[in-house]
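Now, the feature entries from TrEMBL:
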DOMAIN    2-210  domain 'ATP-grasp fold succinyl-CoA synthetase-type'
BINDING   Lys50, Gly57, Arg58, Gly59, Val106, Glu116  ATP binding site
BINDING   Asn208, Asp222  Mg(2+) binding site
DOMAIN    271-391  domain 'ATP-citrate synthase/succinyl-CoA ligase C-terminal'
BINDING   Asn273, Gly330, Ile331, Val332  substrate binding site
Amino acid sequence: MNLHEYQGKEILSTFGVGIQRGIVASTPEEAVEAARKLHEQTGTNWWVVKAQIHAGGRGKGGGVKLAKSLEEVKEKASQIIGMNLVTPQTPREGKKVHQVLIAEDVYYPGPGPTKEIYMSVLLNRQIGKFMMMYSPQGGMDIEEVAESHPDQIFTEIVEPSTGLLDFQARRIAFNLGMQGQAFKEMVRFVHALYKAFVSIDASLFEINPVLKTSDDRIIAVDAKVVLDDNGLIRHPEYTALRDIREEDPTEVEAREAGLNFVKLDGNVGCMVNGAGLAMATMDIIKLYGGNPANFLDVGGTADAARVEKAFRIILKDPNVKAILINIFGGIVRCDRVAQGIVDAYKNVGDIPVPIIVRLQGTNAEEAKKILDESGLKVHSVIALQEAAEKVRELVG
Ligand code: GDP
Ligand code: MN
C-alpha cells in the first residue's frame, strides 16, 4: 500500500525521524490556515506547497512550489489543487491533485551549506536481508546518478536478526561526508529510519532528499513509504491511510469483492482459483504466444456471485479479446463456477469475446452439462495445453 508524503512523514516522525514539518490542506483557504499555523509552530515565513499524489518527480511537473507570503500560498495552492499533474512517474494522462502539503521552508540560509542526500531502505529478496541504499548526490533522479556516477551510490546490508549496527550507521554518515554535529544527527537519523521501517512492516522507504540543513539538522524533505499489504493485519491503524482515489478502480472493486486481482497489459482475461494455478496459467498463455490481461484468483470459496463479479471485472478491460477460465475444483465446486458463468452471461448481456473454460475436479461433469445445456458460446476444454492453443487460435 502506497502512502502519501504527508502520511509517511507523520509516521516517520513518531519514530523520531526528523522531518520537514507540514500540514495537509484540501482547499486554498485551508492552505492559508495551515501556513499560518505552521508559522506559529515553527516560525517559518516561507512555505512550500506540495501536491500529494502517489508519484514522484512532482517538482519537475510543477507540483512543488515555494511561497514567500500567505498570498502566494493561496495562489500556488489554487494552482496545484485540482490540477492534473504529469510527472515522469505518473501515467501519461497524469494524476488529479486532491490535496497539498503546506510545509516549512527548510532551505534557509545559515552557518553552513545545505546538502541533499538520497536514502532508501528496502528488502533485498535475493539475499533475504534488508538494505539501505544512499548517495551524497541526492535531490535528483537516482537512476541518473546510478548511470553517471555509480561510485556515488552506496549500500549497507542489514542482517534482520541484529538490526542496523552502530558502526554501520557511522559508516553511512561518513560516506555521506557528514562532520561534527551533522555526523551525530545522521547516525541518529538512520537508526530511527531503520527502526521505523522494521516496526511498521514497510516494503520500501525512499527519502529523496534527506536534507542536511544549513544549521546541521538532518531531516526528511520527501517521503515515499510503501507498506507491505500482508503486514497490514498487524497494523490496523494504518488501513485508514489507504487513498483509493490513487488506486486502479478495478483493483479496488476486486479487493472489495474479495478477489485477488492485478491488472496487466495483455489481451487474454484470466479467471483462476489459487494463486499458484493462476501463475501457471499466465505462464502457459505466454508460452503459447499470448499475453495475460490480468491476474485473477477467485479464491477457494468462489460461489456463483463471486464468479459473476470476477467476470464483470475482467470484461471492464477493453483490451480483453478472450477469457480463459481455469478452475481446479477442490473446495470450490465446478458446477458452481459453471453456474456463475451462465448467470454472468445472462446478466451482463451480450459478451463480445470468446470464452475458453477448463473445469477439472469436483463436479466437473455436472459443470460441463450446465455449460453445454446453456446454449452459450463457450469452448470447453480438458487439458490446459489445449486451452492455451485455443486461446492462440481465437486471439490470433
Ligand atoms: P518530488 O519532486 O516529487 O521528488 O518532491 P520533493 O519533495 O523531493 O521536492 C522536490 C524539490 O523541491 C526538492 O528536491 C527541493 O529541491 C524542493 N524543495 C522541497 N522542499 C523545499 C523547501 O522547503 N524549500 C525550497 N526552497 N525547496 C524545497
Ligand atoms: Mn523527492
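Here the Cβ of each residue, glycine as well, is placed from N, Cα and C on the backbone.
Under DSSP, Glu116 (ATP binding site) is assigned to a strand (E or B) in the three-state scheme. Using a 10 Å Cβ-Cβ cutoff, Gly59 (ATP binding site) registers 16 neighbours. Largest Cα-to-Cα span within the substrate-binding set Asn273, Gly330, Ile331, Val332: 10 Å. Taking the domain 'ATP-citrate synthase/succinyl-CoA ligase C-terminal' (271-391) as a whole, pLDDT averages 87 in the prediction. Filtering Asn273, Gly330, Ile331, Val332 by Cβ distance to ligand 1 (under 6 A) retains none of these binding-site residues.
Listed binding-site residues near Val332 (substrate binding site): none (candidates Gly59, Val106, Glu116, Asp222; Cα-Cα distance within 10 Å). For ligand 2, there are no nearby binding-site residues; that is, of Lys50, Gly57, Arg58, Gly330, Ile331, none has a C-beta under 6 Å from one of its atoms.
The CA atom of Glu116 (ATP binding site) is located 8 Å away from the CA atom of Asn208 (Mg(2+) binding site). Counting only same-chain residues six or more apart in sequence, the Cβ atoms lying under 8 angstroms from the Cβ of Arg58 (ATP binding site) belong to Lys50, Ala51, Val64, Leu85, Thr87.
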